[in-house]
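Note sheet for the following structure.
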Amino acid sequence: MSTTMQSPRPKAARDDDDALIERFGSSKRSRFTRHVILCLIGLFMMYPLLWLLSSSVKPNGLIFSDLSLWPAEWSPSNYAEGWTALEYDFGVYFSNSLVIVVLSIIGNLFSCSLAAYGFARLNFTGRKLFFALMLGTMMLPGHVLLIPQYILFAKLGWLNTYYPLLVPNFLATNAFYIFLMVQFMRSLPQELDDAARIDGCGPFRTFWSIILPLCRPAFATTAIF
């Protein structure tokens with residue numbers, strides 16, 4: 001019966017293993033410390049929001065006198081009173097906002113996509129000039145346009161109506177949306193237009209049946225913005 005003798009590992013190898021174990025333990029401790037510090041910072045940053053939620057169910061007299069996150073006295077009626085405290089309840093405000101947002105999205109998608117199709121897929125005299133002028137409007141601060149827009153809407157008799165919020169969205173007035181769609185439409189193969197033209201499609205039919213369905217990613221981005 002033969003036995004095999006294992007030679008002891010060199011001291012340098014054992015030192016390397018010990019250093020690796022020590023480094024691993026140190027990295028775990030430092031990582032744990034960092035996580036604890038980040039959690040404390042996160043709780044500190046979340047405290048105002050938690051205090052706001054807690055104060056929403058406190059009586060008025062306890063909002064600033066009781067800084068604890070758990071209310072000593074609950075008053076859930078604050079939500080009911082806040083919902084109906086104004087001249088119109090918040091249901092009216094939400095419905096108005098929903099109508100304006102939905103119609104604005106529809107108007108921007110339709111009008112800006114038409115303008116973008118003209119710049120991206122059609123050839124006409126002055127296309128580059130008009131496109132450059134359109135891009136130039138993106139450099140105008142919105143504050144510069146407030147007074148001229150107000151004067152225009154006042155002359156049209158649109159003050160205190162929804163028209164200033166809705167009508168411009170149906171007239172392709174957002175240069176950024178047009179630019180976004182132009183860049184996307186330019187990435188589509190030109191052969192699609194050629195094939196549609198051979199099949200007898202006019203420009204609008206090509207836009208409606210070919211280009212528009214392919215622009216859903218750009219439409220989704222525009223709707224989100």
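All positions are counted from 1 along the displayed chain.
Just so it is clear, glycine is given a Cβ too, placed from its N, Cα and C backbone atoms.
Bear in mind that TrEMBL entries carry predicted annotations, made automatically and left uncurated.
Per TrEMBL, transmembrane segment is recorded for 32-53 (among others).
TrEMBL lists 93-117 (among others) with the feature transmembrane segment. For the transmembrane segment (93-117), the residues of the chain that approach it from at least six positions outside its boundaries are 134, 162, 165-166, 169-172, 174, 177-182, 184-185, 203, 207, 211-212, 215, 219, 222-223, judged by C-beta separation under 8 angstroms.
What TrEMBL records for 94-225 is domain 'ABC transmembrane type-1'.
What TrEMBL lists as transmembrane segment is 129-151 (among others). Within its own chain, the transmembrane segment (129-151) has Cβ neighbours under 8 Å at 115, 119, 164, 175-176, 178-179, 182, counting only residues six or more beyond its boundaries.
What TrEMBL lists as transmembrane segment is 163-182 (among others).
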Quiz item: So what's near the transmembrane segment (163-182) in sequence-distant terms, Cβ-Cβ under 8 Å and 6+ beyond its ends?
Solution: 100, 103-104, 107-108, 110-117, 119-120, 131, 134-135, 137-138, 149, 153, 156, 215, 218, 221-222, 225
Quiz item: How does the domain 'ABC transmembrane type-1' (94-225) divide up by DSSP, counting helix, then strand, then coil residues?
Solution: 104 helix, 0 strand, 28 coil
